[in-house]
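J.: Pasting a structure here, questions to come.
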Amino acid sequence: MLTSVRTRSWALPALAGVAAAASALGVAEVVAAFVGPSSSPVTAVSGAIVDRIPRSLEQFGVQTLGHWDKPVLTVIILVVLAGIAVAAGILARRRVAFGLLVFVAFAVIGVLATASRPDSTTMAVWPTVVGAGVGMAVLSLLVPRALAVEDSVRAAEPADVGGAAGSASAAATTPAAVRAGAPVAPPPLPTLGGGAGSRRSFLYLAAGTTAAAAVVGGGGRLIGRWRGVSEERAAITLPKPADPAPPLPAGAKLDAEGVSPLFTPNSDFYRVDTAFVLPQVNPKNYKLRIHGRVAREMEFTYQDLLDRPLVERDVTLTCVSNDVGGDLVGNARWLGVRLKDLLDEVEPDPDADQLVGRSADGWTCGTPTAACRDGRDALIAVGMNGEPLPVAHGFPVRMVVPGLYGYVSATKWLVDLELSRFSDFDAYWVPRGWAQQAPIKVASRIDTPRAGAKVSDTVTVAGVAWAQHVGIAKVELKVDDGPWQQATLAAQDSIDTWRQWRWDWKPSGSGDHVISVRATNADGVTQPEQYEPPAPDGSQGWHSVDVTVR
Ligand SMILES: Nc1nc2c(c(=O)[nH]1)N[C@H]1C(S)=C(S)[C@@H](COP(=O)(O)O)O[C@H]1N2
Ligand SMILES: [Mo]
């Protein structure tokens, strides 16, 4: 009996803690909707954690969870917060002030996190402060009520007390009003059966408060999104390119079922970034500043960029975290301003060997200045596959440099370009263990058949191969330890785009087989068999799939 009394007397204050924490977070989301997305304490703390995650763990996260990495981390954070909220409620049993202290500690963490985000403003602490205030008020209201309910229930169940002895029993029968620090809540009259009823009504109160807070918080997120830049984006009509993409050669698209399309639709395009909520950069106030080791600083509005002659090019983007056979790669038709022209106008110092890109949310990227000026189609891009950049892909302005992995070339939500030196500055991923310079390695992937597929008769093996800014010269396949055989290549769109390939295989008998692919670039470099993981400068090795011939 004693244990059941104790369990129950912890449960209601714990619920009060959860309801209070939910109220704090829900209210904070609403305030954040108006202050700016990164001022949400959950978002800011998540971001601060991501920035401190060790390289191995981050690598593991991206690899095993893919684009689910952020939702999963958010759920983990919410579960941890719920645990702490339970603890705050239980602490408040002794003294409401103890529970309030937990909220104060969390407010301090939230304030530090929101104030130190790279894109924070002086307003950024408000969601946390207001949220914490509301949470503390809810805790102060609910905990005494929880205790009063417990006391009235216990008063109505004398059997519970009779069986208990010692201090536990004394504590369990102390009226709420006597507990130090607890405001006097009117205890409901202890009538038989009425105790259980008030317990239930408290449960409804706490659960109702939590649910209302979740709705308010979700509403806050929606308001934040609605207050975002999707309307501004929808209102934009991009100018026609002065220099359109060259027409696709005949045979640039293979029709093989299951092969990646030559152009990846924007909705399917892989997304990799450190942003917990997408930066909402309004093109109306947009400025791109180019400065640092230059003869003259310059600034460009969004309209300034659109007013320049626009270039359209097909470029395949690849993430350095893409493992052998992975899908962190995609091809798009980009529209933008030639970066080389802008750099020629600011006149970089000869020793400025690194161009540092900065995003609206403070992420940084270091690109060799030479790669931006050597004649390749390095772009300050505003369009992707015929539309303004999607917000997730860097709206309104991002960088695209053929031949370099995304983390050293493809700054999204680009607002600042600084001419610097590799010896003076390490961009975001460099201190986290990734290479300072990272040209894309020649790679190939089997799209079909899928690993583990059951196949028969004639098997169409097909996929893509890429070696941006060099070009793909040859793709070969082999089955088990058989000889390498040449695949049919689609016609080359450009050396900066991937090439589809296909190979029709007639298996000679049933059983399990391993199909492997390797590509050779236009410089004659063939993918080596030796596997290398993505860190520190890109994965390497042959992609293989195992199939069963029936
Ligand atoms: N602002 C910002 N830009 C960024 C990143 C980032 O984290 N923040 N990630 C880079 C990386 S690692 C890659 S691979 C590409 C991915 O571009 P995508 O999401 O449009 O496919 O964006 C690059 N640009
Ligand atoms: Mo990346």
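A Cβ is built for glycine as well, from the same backbone N, Cα and C atoms used for every other residue.
Annotations in TrEMBL come from automatic prediction, not curation.
Pasting the relevant annotations from TrEMBL:
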| type | residues | note |
| --- | --- | --- |
| DOMAIN | 278-429 | domain 'Oxidoreductase molybdopterin-binding' |
| REGION | 524-550 | region 'Disordered' |
| SIGNAL | 1-24 | signal peptide |
| TRANSMEM | 72-91 | transmembrane segment |
| TRANSMEM | 98-117 | transmembrane segment |
| TRANSMEM | 123-144 | transmembrane segment |
| TRANSMEM | 202-223 | transmembrane segment |
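Could you place the listed features in the three-dimensional structure?
T.: Long-range neighbours of the transmembrane segment (123-144) within the same chain, counting only residues 6 or more positions beyond its ends whose Cβ lies under 8 Å from a Cβ of the stretch, are 13, 15-17, 19-21, 23-29, 31-32, 35-36, 38-41, 44, 88-89, 92-93, 96, 99-100, 103-104, 106-107, 110-111, 114-115, 117, 176, 182-185, 205-206, 209.
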J.: Count up the helix, strand and coil residues in the region 'Disordered' (524-550) according to DSSP, in that order.
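T.: Computed counts for the region 'Disordered' (524-550) are 0 helix, 10 strand, 17 coil.
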J.: What same-chain residues lie close to the transmembrane segment (98-117): Cβ under 8 Å, and 6 or more beyond its ends?
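T.: Distant contacts of the transmembrane segment (98-117): 13, 17, 20-21, 24, 28, 38-41, 44-45, 47-48, 84, 87-89, 91-92, 124-125, 127-129, 131-132, 135-136, 139-140, 143, 361-362.
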